[in-house]
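Notes for the one structure printed next.
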Amino acid sequence: MATIKDVAKLAAVSTTTVSHVINKTRFVAEATQKRVWEAVEELNYAPSAVARSLKCNTTRTIGMLVTQSFNPFFAEVMHGVENYCYKQGYTLFMCNTEGDLEKQKHYLRMLAEKRVDGLLVMCSDLNEQLLTLLEKNTELPMVIMDWGPDSPRTDKIIDNSEEGGYLATKHLIENGHTHIACITGQADKVTCKERVRGFERAHIDANLTFNPEWILEGDFECASASRAVDKILAIEENKRPTALFCFNDIMALAAISKIQQSGLRVPEDISVIGYDNIELSAYFSPPLTTIHQPKRRVGKTAVEILLERIKDKDHERRVFEMQPEVVTRSSVSNRLK
């Protein structure tokens, strides 16, 4: 394996000059730079990250804990994170926890051993034990989605779930739907509680009552949505909901599929609105009306905030608040026409 001395010898310069060229820390004549880079390429030289981290007290690496990398919402957020890390010269260690506490502990320990400069936590499955582990890492710059711990040393991203739930339900009501069901995620999750509050507030503002039995608990996965739709379809036709609000797009798409398999039509018989605006939602049949969240922008902003915290651990706490909005497509019928 080539060393910096090998590069210096081939380029006929000092090791100090090679270091300045590679790290861009001092002006070096263009002709000299050319010789150095040609030597680097010929020898396939890679600077030692370990040596650099010891010298600069930084590894230029960021860790990321995520619930499920295959979930389209998290996948799009991760795309924004990875892309911006790359542009800023940082390497990303992505750790898929799958809700497993032992994996969470292992990854946190591994990231600490790797001496990452900062940590992004985008887990929807944070529990008290993991929160305790995170709170022990007081020296590690951290950005956490808003279901995480509230700490003056931790920057946060708030997804404004209550407003999103309100907008989704309000859109259905404005289209003449007064009998609305919803399929939530796990009832104990903060985001789900907030979206339910938004669902309820929209009914109150419209002077409508809602049926608590039509708030059906799912788990953000397809199978749970399918089971919930079975319960809705079991209701007598003239008494069943005319619209369904699903707490993420994956469940909404599964619900549409189940409704159509039963011989009913979306949106003519039952309207469906989702949440997240994942890329697939625009290409389903019918295209899904949903609540948009700026996922790639969230990823980019999370890294921006984290890099600020890495540079200045004492800077004022930052909170980035997402602004949900309705994206109207073809899965909601207008019953007022």
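Every residue gets a Cβ built from N, Cα and C, even glycine.
Checking the candidates Phe27, Phe70, Phe73 against Swiss-Prot: the one annotated together with Lys189, Thr191, Phe220, Asp276 at the hypoxanthine site is Phe73. Swiss-Prot tags one of the stretches 4-23, 84-103, 104-123 as DNA-binding region, and that stretch is 4-23. Segment annotation: Swiss-Prot labels DNA-binding region over residues 48-56 (candidates 39-47, 48-56, 138-146, 300-308). DSSP assigns Phe73 (hypoxanthine binding site) to a helical segment in the three-state reduction. Of the residues the record lists as binding hypoxanthine, namely Phe73, Lys189, Thr191, Phe220, Asp276, the two whose Cα atoms sit farthest apart are 17 Å from each other. Residues of the domain 'HTH lacI-type' (2-56) grouped by DSSP class, helix first, strand second and coil last, total 39 helix, 0 strand, 16 coil. The DNA-binding region (4-23) scores a mean pLDDT of 92 in the predicted structure. Secondary structure at Lys189 (hypoxanthine binding site), taken from DSSP and collapsed to helix, strand or coil, is coil. The Cβ of Phe73 (hypoxanthine binding site) has Asn248, Asp249, Asp276, Ile278, Gln293, Lys295 as same-chain neighbours under 8 Å, each 6 or more residues away in sequence. In this structure, the binding-site residues under consideration are Lys189, Asp276, and the one with the smallest number of other Cβ atoms within 10 Å of its Cβ is Lys189.
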